[in-house]
C-alpha cells in the first residue's frame, strides 16, 4: 500500500461528497475502502457486486477526477469486491478460509461462503432449534447428533447454517477435513468417476473426511447409482465416527423415491426444520443485512418491507437492495413511500409461490389425513381420493410435468397422475360439494 493512501483517499472522498446528495454518498461512496495505490492504479474495495456495478457505471469518472485533483496525476481506478480477509482487520479469517479450502479437491465440491457464519445468522422463533442443533454439532462433531438433517423451504437459511458449521469447526480445528457439496455435484462427480474409471479416487474424496456437508439431498431421489454410492459413503463415515450434515427441502419421510435404507439412516440422528421467519425476525434480518452492507435504511422502512414480504430471506434481502438502488438512482431519500414505489411490481403482481409440499399440507388439513399418506401405497378411498385431489391441484397450479408430479407422490407413474386429473375434472361438473371444497383449498393456497 502507498504510504499516503489513507490521506489521499480521505481528501478525494471529501471532494466527491460535494458532488453528491447525502443519500447517494452514504449509500455508494462511504462504504468504499482504499486497498492499494501504485504508479498507475488505485484499487478500491466495496462490500458486494451490486455496489461495484453501480460505482463502475455511474461514479468511476467522478472518483478518478477527485483523485487526480488530490494527486495531480491520472490513476486508473479499479473497483473490486475483495475476498473477506482483505477487508478490515480479519487476519484470522484468512487462515480459516485457507483451511476451509484445503480439504477440497479439484474444483468440484463447494467452497464455504465466508459471509455465512453463526455471527451473521439471525435467530428467531422459526429457526431457533435448528440454530441450536447446528451449534451443538459444530462444537462437538460426531458426538451430539449424527447425522444432523436440516429441512425447510427455499431461502430460509439451511445453507447458511451448513456453512456456519463448517466455518466453526475449521476455526477450532484447522486440520479438520471438511467437505461441503451439493447432491447434484456429488452425482456429477460419481458419473465422471465411472466414465474415467476413477472410482477409488472418488470414494477417497468423500470418505476420508472428518465432516461431510451435503446440500439439497432430495435431488438424489430416483438416482439408483447415486443412492447406492451415498449409502456406502454414509456408512463408512458413520462407522468411523465422522460427522454428517444434510439439508433438504422436506423431511426424509416425504422425499419421494428415496430408498428406505437411506431414509432410515437419515433419521438416525436429529431432524430439525426451519420455518418462514415471523415479523420480528424478518425485521432483524433486514437490519443485519443493512449493517453488513454498510447501508442506512430507516426502521420504518425495514418494518414496511418485513410486513409486505413474508416468503423467504432471499426475497427480503433482494427487496432491500432494490430500494437502496432506487433511492440512489432517483436521488431520493429512503422512505416508506419510496419503498412502496420501488417494490410495487413485487407487491402487486407476484402470486404466492405454490409447491407440492404446500399443496399437500393444505389438502391434508381439509381431508384430515397424514402427509405421509400422499406417498404411501394405501388405496383406501379415504387416502386415495385426497391424493387424487392433490395431484389435480398440482397439475393445475404448478408447472411440474406429469412424471415429476408422479415422483412427488411416492414415485407413481405419470399415467396415474393423468387418471387422477381426469377423474377430478369430471367430478367437478357434477359434484357441487367437491367444487366448493376445491375453491376453498385454492383460495387458501393463494392467500397471503
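Any Cβ shown, glycine's included, is placed from N, Cα and C.
In sequence order, 311, 312, 313, 314, 315 make up the list of same-chain residues 6 or more apart from residue 155 (ATP binding site) whose Cβ falls under 8 Å from its Cβ. Feature annotation from Swiss-Prot assigns ATP binding site to 155, 157, 158, 159.
Here Swiss-Prot flags 1-85 as region 'Domain I, interacts with DnaA modulators'.
Among the features that Swiss-Prot reports, region 'Domain II' is placed at 85-110.
Among the features that Swiss-Prot reports, region 'Domain III, AAA+ region' is placed at 111-327, with the record citing sequence analysis.
The residues near the ATP site, meaning same-chain residues not in 155, 157, 158, 159 whose C-beta sits within 8 angstroms of the mean position of the site's C-beta atoms, are 152, 154, 156, 160, 161, 247, 274, 313, in sequence order. Under the DSSP three-state reduction, residue 157 (ATP binding site) is assigned to coil, being neither helix nor strand. The average pLDDT computed for the region 'Domain I, interacts with DnaA modulators' (1-85) is 84.
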